[in-house]
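Listed in TrEMBL for this protein:
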- 63, 73, 78: Zn(2+) binding site (BINDING)
- 63-78: disulfide bond (DISULFID)
- 63-73: disulfide bond (DISULFID)
- 73-78: disulfide bond (DISULFID)
């Protein structure tokens with residue numbers, strides 16, 4: 001009797017396809033990060049050396065802010081002259 005039930009269970013398991021796992025089921029859900037935490041990555045020297053060196057930029061002669069070509073400063077006189 002015991003042999004028959006184990007044989008039936010085993011044959012039932014063999015015939016089934018394995019279920020597809022869709023993502024992780026357990027654990028705590030990921031929290032949305034604070035915008036300050038996301039921005040913090042761009043402040044470091046490693047980020048600046050890696051990504052900002054590739055773009056051409058210069059210091060504005062009026063306000064001494066670093067900026068790219070075709071970008072205007074926040075100061076009113078810089079925007080009018082467009083150095």
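Quick reminder: no glycine exception, Cβ is built from N, Cα and C everywhere.
Caution: TrEMBL annotation is automatic and unverified by curators.
Sequence features annotated in TrEMBL and their locations in the structure.
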| residue | record | DSSP class |
| --- | --- | --- |
| 63 | Zn(2+) binding site | coil |
| 73 | Zn(2+) binding site | coil |
| 78 | Zn(2+) binding site | helix |
Which of 63, 73, 78, all binding-site residues, has a Cβ with the fewest other Cβ atoms inside 10 Å: 63
